[in-house]
Amino acid sequence: MESEQLYHRGYCRNSYNSIASASSDEELLDGAGVIMDFHTTEDDNLLDGDAASPGSNYAMSNGGGVASSTTHLLDFLEEPIPGVGTYDDFHTIDWVREKCKDRERHRKINSKKKESAWEFTKSLYDAWSGWLVVTLTGLASGALAGLIDIAADWMNDLKEGVCLSAMWFNHEQCCWTSNETTFAERDKCPQWKSWAELILGQAEGPGSYIMNYFMYIYWALSFAFLAVCLVKVFAPYACGSGIPEIKTILSGFIIRGYLGKWTLMIKTITLVLAVASGLSLGKEGPLVHVACCCGNIFSYLFPKYSKNEAKKREVLSAASAAGVSVAFGAPIGGVLFSLEEVSYYFPLKTLWRSFFAALVAAFVLRSINPFGNSRLVLFYVEYHTPWYLFELIPFILLGVFGGLWGAFFIRANIAWCRRRKSTRFGKYPVLEVILVAAITAVVAFPNPYTRQNTSELIKELFTDCGPLESSQLCQYRSQMNGSKAFTDNPNRPAGPGVYSAMWQLCLALIFKIIMTIFTFGLKVPSGLFIPSMAIGAIAGRIVGIAVEQLAYYHHDWFLFKEWCEVGADCITPGLYAMVGAAACLGGVTRMTVSLVVIVFELTGGLEYIVPLMAAVMTSKWVGDAFGREGIYEAHIRLNGYPFLDAKEEFTHTTLAREVMRPRRSDPPLAVLTQDDLTVEELQSVINETSYNGFPVIVSKESQRLVGFALRRDITIAIENARRKQEGIMLNSRVYFTQHAPTLPADSPRPLKLRSILDMSPFTVTDHTPMEIVVDIFRKLGLRQCLVTHNGIVLGIITKKNILEHLEELKQHTEPLAASWYYHKKRHPSSHGSNGKPGSRVHHVQLIRSFQDGWGGGGGDDSEDEEEQVCLLNGSNL
């Protein structure tokens, strides 16, 4: 998803009548967002007195005679204003206000449930609505995952041939009922015909090979072309894995349409096509996006979630757990993935509902049984041999390889994606997908390990050699007669088939590494879990076979002689493949606990947790040495999403006054007075500025803070008053107080806007350390925070300001992308969208008496410096 596309949609600043005029001006609310609010809702309850923020010693009391904390902080209207309290596209939700709305709604339901049986039934429905929505989400996620698995397997085999007896059977299903298959060639049966047999009438020879080669490329290009065209025409949001955007949405961002019905339908279809095309991608990551689309759609059936963005994100957290559950057949791992990787706010009840959603989704997928093996995933394995202490050395080495691969992949992929954004090549997504698909198909076909489906490759690499395995990787020589044989003992000399497979795996490893870098980020659904696991599984299997042969030929070494006797069952190469897969996936995503549990659920063996933990932690440590960001955080930065990562530590000593807007060189901050503005003046402020909100002060003389009013709410309230109230004129007085000001007898009817005023905005003093401010933003999910000095508002800090500040502090490292606030044309804070200066309202600015400029040095040298607050009338404090 292109960042410019996101930030240029829907910004219209030159029209007062447009309620979508809120922009992302740096002085006020951040303009970025992701979510699914498709219609205007009625928010009858705003902030109340019980919603006082847990306290911080840095929040100052409001000026202007604010009522006590036991009274409502907002004066509720008799008739709620439709649209007030909702959010524009690409904006951040107010977590505090949303939670207060939910508490008020809950109190109303509890107070009425004893009045009648109907009210009691409504309270029961409200209490069970959370469980109902996650149940529906789990059912839909499991059903769609089963459908995607079955369709992807069939279309993947369609590239090689077709089943004449039943067109809807894939290759394996077609040969199940055949009596003419052999042990060595169990995939060949008369019912299955390759394209060369159908077209040329011959199964062997150069002509048939070329024909199969051509048909393989033809189907791969057809699937890729159809996928990218569907995405481009019908649902541009269906591209990519979706996890970076899901993380941003769960942090409070709004992207309308990203979790909508069209996105769900197109992503389901194109995910099948993209996987079947043979591109180096997987379906596991996009399944999280599919599950979240289901959760978002079902949440609109319940007012509890459809009218509250914070509650809706609890459903999305549970949906992401269901997505991982059906992707890997790991319900517990899905819950931990949601907790560790994607969720921003994860209360205890969300943990229970996430577990239940993952359980339902796994049950549905198990009932469908898409792979015919009574398992939830294709590459489920079981090992029956223990691991030995000396094997920790190669396991740790695999962890080092995973960390190096993860660091290399993140840097290379981000560099390529940044180049795609900054060059003409990014303007032709269809051509890029066709080109990458063509190169992939041409190079992949000659090598059997790159030609087959990636999940089947992982299954083959994970599987331990036994008497029923016919893979080249299991062609060991028998010690009895030197011929090819299959015994239960894996510790035996490798045959020519094993050495041939090793070379092919080395070539496949190089191919997967290169193509995955260029594939992730294409405008088709593309997951990263399976390609990363495939790379680690290839490397792990190679290391496992090498250690196995080393133990066979050098069993008298001190490393082996205590555990590996001659003829003993010692080394399991498939276990090395599993450990390598976990290490590489951990190196790319920097997952730890959830990854170990996911892989543990794939194997069903407790005794392999220690090797997995050692490899995954080593991978994370090595990867963090080159950069602490995982691939999803890196793409969040690249796309410019306003995401504050809770894992990132703030260790600098800057103060709030050094980050707040306006700065010394900027025009002063525009504010509103509580009772001496007219409707015309208020319209002028909205039309001629691009702010998303305005601090409200007592008066021009006092300039003490009263509250904060959002631009969108002011616009909606005025338009609603003009339609429903008589006597509202351009010269009508606007007041935010409880009682109307004293007016002359011939004055028009005043307009009361107290109901849209947030009288408890978060405030900090200008000397508050930014470490505390950043912590407040992360833990409370704030949109903005006002900066005061002795109760007088000086400026404002938004999430975007914090992101800008963090970007400036990282100047010693190369940024992944230009700062996201450069994507739109910017004007000074007092200018309109046309760049012309706007009318001055009421301003306040902190004047520093030292010569180093605004916020120059930090906290230590500024303690003894003099400060003065210069008011508009020329007086000083």
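Cβ coordinates are placed from backbone N, Cα and C, and glycine is handled just like the others.
Sequence annotations record features per position, and here TrEMBL assigns domain 'CBS' to 660-726, 757-814. What TrEMBL lists as region 'Disordered' is 855-877. Look at TrEMBL and you will find 128-148, 216-238, 258-279, 286-303, 315-339, 388-410, 430-449, 501-522, 534-555, 575-600 tagged as transmembrane segment.
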Given a Cβ distance threshold of under 8 angstroms, which distant residues of the chain, six or more beyond its ends, lie next to the transmembrane segment (216-238)? 1, 5, 155, 158-160, 245, 255, 257-258, 260, 262-263, 265-267, 269-270, 273-274, 276-279, 429-430, 433-434, 436-438, 440-442, 445, 451, 522-525
In the same chain, who gets a Cβ under 8 Å from the transmembrane segment (128-148) while lying at least 6 residues past its ends? 268, 271-272, 283, 287, 290-291, 294-295, 298-299, 301-302, 304-305, 314-315, 318-319, 322-323, 325-327, 349, 353-354, 356-365, 367-368, 370
Given the cut-off of 8 Å on Cβ pairs that are 6 or more apart in sequence, determine whether the transmembrane segment (315-339) and the transmembrane segment (430-449) share at least 3 such pairs. no
The transmembrane segment (430-449) vs the transmembrane segment (258-279): 3 or more CB pairs under 8 Å: yes
Name the range, of those listed as 258-279, 501-522, 575-600, that has the largest tally of Cβ pairs under 8 Å with the transmembrane segment (388-410). 575-600
Mean pLDDT across the domain 'CBS' (660-726) comes out at 87
